[in-house]
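Colleague: Checked TrEMBL, it gives:
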| type | residues | note |
| --- | --- | --- |
| REPEAT | 64-97 | repeat 'WD' |
| REPEAT | 192-224 | repeat 'WD' |
Amino acid sequence: MSAFFSNLRLFPARDLGSNGKPTQSEIVHVSINATGSRVINTRTDRSIRIWRSTVSLTDPIVIENPHRGPVTCISWNPATETSFASVGGDGAVKLWKGSGHLEREIKLGKTAAHLVAYAPDGDVMAVVADGSISIYNVAKGYTKIAHDSRPSKINALQWTNKGHNVFATGHDDGSICFWRLDSMAIELLYTLQGHHSPVTCMCLDPRGRYLACGSREGIVSLWNTTDFTNLGVLSAVDRAISSLSASRDGAYLAVGYSEGADVKIYEYDTLTEVYNAPKSQAGKIGGEAVWFPNRTALIIVVDKGQVMSLAKKEVS
């Protein structure tokens, strides 16, 4: 894999605004669908951009002002290739087709949701607002079937890789909670006091071996998913962790930081740095890199958060 990183090249997406010039708004969130055929980025200008992903990023479909604020989270519906859900700090979850057509709006009342996540089997969808979690049954028309709340704000939610029975949440108080979803209830299984500052992001190894959790104090903790023991920490960069993404085999972990540090990739087995992404220092939002789920390539945000690049091995 070292040859891969030495030959890695970044191909920027040509992202133009309505004036025909490169957009200056920062990227808030990046998400890739399960087949790797579509990439979405959201921006501070409140837009959603849906890209085709083949040998490059092309043909963006732009959704203007889908929510009251910038879209903070996208979740792809596993039952389809291109349908997805979005939240943006208002009282709604919106369901979209890949064409940009709005299929449905789920009203949440005065609740301002900031996270949304379909379970891997697509049967249920979790919505997070502040410290509350609501679960919706997709097959039954997105009816609300379970709810729970914690005193500490939830900043991250991660389902396990199969089914819809277990998920984890990362909180403002530094705790990591593991939950079981029964037919009509959410049960708290276990709580890890993993960090001394807010947990900012999470990702699960695609092989299910470890859960990685990033924090505001600049530490990434790795946890065994079998017995919840700590496998190690990454603490080389004194910056808040803004994003985490594991490669398709779980061997590499991409870490995005707040202002002042480039995106870095670490080897899971040794926790050593193997790649520093050039020009990837964050703007105000935070750095981000996302591995493709089905091939050895990444999306890396560069140029102070303004440009999305496809990072892949250069073919001679």
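A Cβ is built for glycine as well, from the same backbone N, Cα and C atoms used for every other residue.
No curator has checked TrEMBL annotations; they are predicted automatically.
Given the structure is predicted, the values throughout are model-derived calculations rather than measurements.
Mind running through what each feature is packed against?
Modeller: For the repeat 'WD' (64-97), same-chain residues at least 6 beyond its ends with a Cβ under 8 Å from one of its own Cβ atoms are 28-29, 31, 33-35, 37-38, 40, 42-48, 50, 103-122, 125, 127, 138.
Through the fold, the repeat 'WD' (192-224) approaches residues 153, 155-161, 168, 170-178, 230-235, 237-250, 253, 255, 257, 268, 293 of its own chain, all at least 6 residues removed from its boundaries and within a Cβ separation under 8 Å.
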